[in-house]
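Right, one structure below, let's go through it.
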Amino acid sequence: MPEAKDRDLSLTEPLRPAAVPDDAPVAKDAEAKRRSLRPLRALKPYLMRHPARLAGALAALVVAAMAMLTIPMAVRRMIDHGFGSADGAMIDQYFMMLIIIGVVLAGASAVRFYLVTWIGERVVADLRSDVFAHLAHLGPAFYERTHSGEVMSRLTADTTQIKAAAGTAISQAVRNTIMLIGALAMMIVTSPGLSLMVLIVIPLIVLPLIGYGRVVRRLSRRAQDTLAEASAYAAENLSAVRTMQAFGHENAVARRFADASERAFEAARERIFARAALTGLIIMLAVAGIVGVLWYGAAGVVGGDISVGRLSQFVIYALFAAASLGSLSEVWGETTQAAGAAERIAEFMDTEPEIVSPPNPAALPSPLKGEIEFRNVRFAYPSRPDVFALDDVSFRVTSGERVAIVGPSGSGKSTILSLLLRFYDTTSGEILLDRTNIATLALKDLRSATALVPQDVALFADTIAENIRYGTPNATHDDVVRAATAAQADAFICALPDGYETRLGERGIQLSGGQRQRIAIARAILKDAPVLLLDEATSALDTESEQAVQRALESLAKGRTTIVVAHRLSTVQSADRILVLDGGRIVESGTHRELTQKSGLYARLSELQFGNEAAE
Ligand SMILES: Nc1ncnc2c1ncn2[C@@H]1O[C@H](COP(=O)(O)OP(=O)(O)OP(=O)(O)O)[C@@H](O)[C@H]1O
């Protein structure tokens, strides 16, 4: 098992609550934001992309609401005139009208449902794509701060929650608001006296609703955070299944996941409880209000102040108003949940990539020679600003030269490659490619000039051919085969069940370490870039695959400027020059022969590190 694969995993690291800000002022800010629906404003541009459908949905909403609002009037007329005068023709007429209203209501509701759900799905699909596109451009520094499981949770769970808000909740809110306002207006028209009573009752219902809504919103954010935390932990462990099982840690991991999942349940339970209480409270207040009003109205009927039909009409409007209020409370809960989700997504979208192309990038000479120069480069990782991982590093690599970088673990070898690819910017000093500062180049140009064979080879759940084509999507099948042959990979690929069309499992689990490396080399050969960066895998390969990998590397390095982070003596010996790093500084440089003759760090390292191999 290549050790490197599990390198980033932090089984021992305490669970970091997702998205909990590190310092108090930020926490306060977040708390303030949480109280509002403002995060949902970010959805506006997505909604506005579909003006016709929005207008259609709104029209359908209004028509449906109007149809509903005419029903009580028909009922009053029927009771007061139809029944009162026992006029059969009139009853027929009213029922016909009710049927027409019913048809309009049904049609408008169906149209509303279709359009609204369509908008919800569309908005979420667009949002999800945009969030992912943004995430793909955030640099390694972001992913050092953020768990990948958390990222996935936001990308899926949070966007789904927004779907509920963008479609259904907004439409329900509009529908119920129209119904509420319409019903209230009609109540006043029907009976101002009774309406006054109702108007006294309504604030009693609305005020607790607002207060409770806040509680629900806070709890919902907590439930989501806890869920994200649990998924992050699960994803990490599953991707490190070998480490987990080799250390017999399955049960401990399962227990910890169960705990996290339990906490998510607990948070959800609190939220559900708050919502249940809210629903109960509202229904109780609404029923009490209606009974009171009815009571008062019934007395009016007995006293001859109001007709039975009018009281019925009023009561139906009051019921409509109450039902709308009830739905609004539910919609409020959902919308605030979605606001929580939108806020979490906005945190991603507001994260600007640290490394971007300059507005007016410099042009690289063509053809590119592939000369590299580090000039007094100092660099500290953003997470450890006080420690220089590289300290005053200067060197030049001429076109076609092959330079190996050696040094003790942690001396800064991989950092040199990261800076050259501009995953980070130097703290001071500059890095030049063909005499052009790489910070003035478009990232696309810089990275297409380099091919990287990383220590930790990433393979994707796709066919072998697609894995080799990664980064060069337009390459033909023949190109792929040629690259694989040069990488000494063709033979083993052809021996696989479906040859180049063999699908690799998640992260290419069924290939050996040496085979994975050769796929990565084929990928770099296919890219055909003038500068080659090799981060040699530390995992020991057996002699045969080491030789195969070595031959593959030689054919790859031919005619290209190559920088190798070297762990193997063979690589170092054939290098034109060796740079010896120690504590972020270049302490020696020269050929293998020159350096072994000095009694410096290299001589000691090669004695210690490569002594056995040299003896062989
Ligand atoms: N992303 C990071 N954030 C903070 N510090 C880092 C990061 N990556 C590396 N470092 C630190 O920077 C120093 C140089 O690391 P680097 O990975 O370049 O060493 P290396 O020589 O390649 O080591 P190895 O041979 O073990 O791969 C180390 O002290 C390491 O702890």
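Cβ atoms here come from the backbone N, Cα and C positions, even for glycine.
Here is what TrEMBL records for this protein:
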type	residues	note
REGION	1-31	region 'Disordered'
COMPBIAS	1-10	compositional bias 'Basic and acidic residues'
TRANSMEM	54-74	transmembrane segment
DOMAIN	55-337	domain 'ABC transmembrane type-1'
TRANSMEM	94-115	transmembrane segment
TRANSMEM	173-190	transmembrane segment
TRANSMEM	196-215	transmembrane segment
TRANSMEM	272-298	transmembrane segment
DOMAIN	372-608	domain 'ABC transporter'
How about long-range neighbours of the transmembrane segment (54-74): same chain, 6 or more residues beyond its ends, C-beta under 8 Å?
47-48, 94, 97-98, 101, 104-105, 108-109, 111-112, 115-116, 119, 171, 174-175, 178-179, 182-183, 186, 312-313, 316-317, 320
Same-chain residues at least 6 beyond the ends of the transmembrane segment (173-190) whose Cβ lies under 8 Å from its Cβ atoms:
58, 61-62, 64-66, 68-69, 72-73, 76, 112, 198, 310, 313-314, 317-318, 320-321, 323-325, 327-328, 331-332, 335
Over the domain 'ABC transporter' (372-608), what does the predicted model average in pLDDT?
84
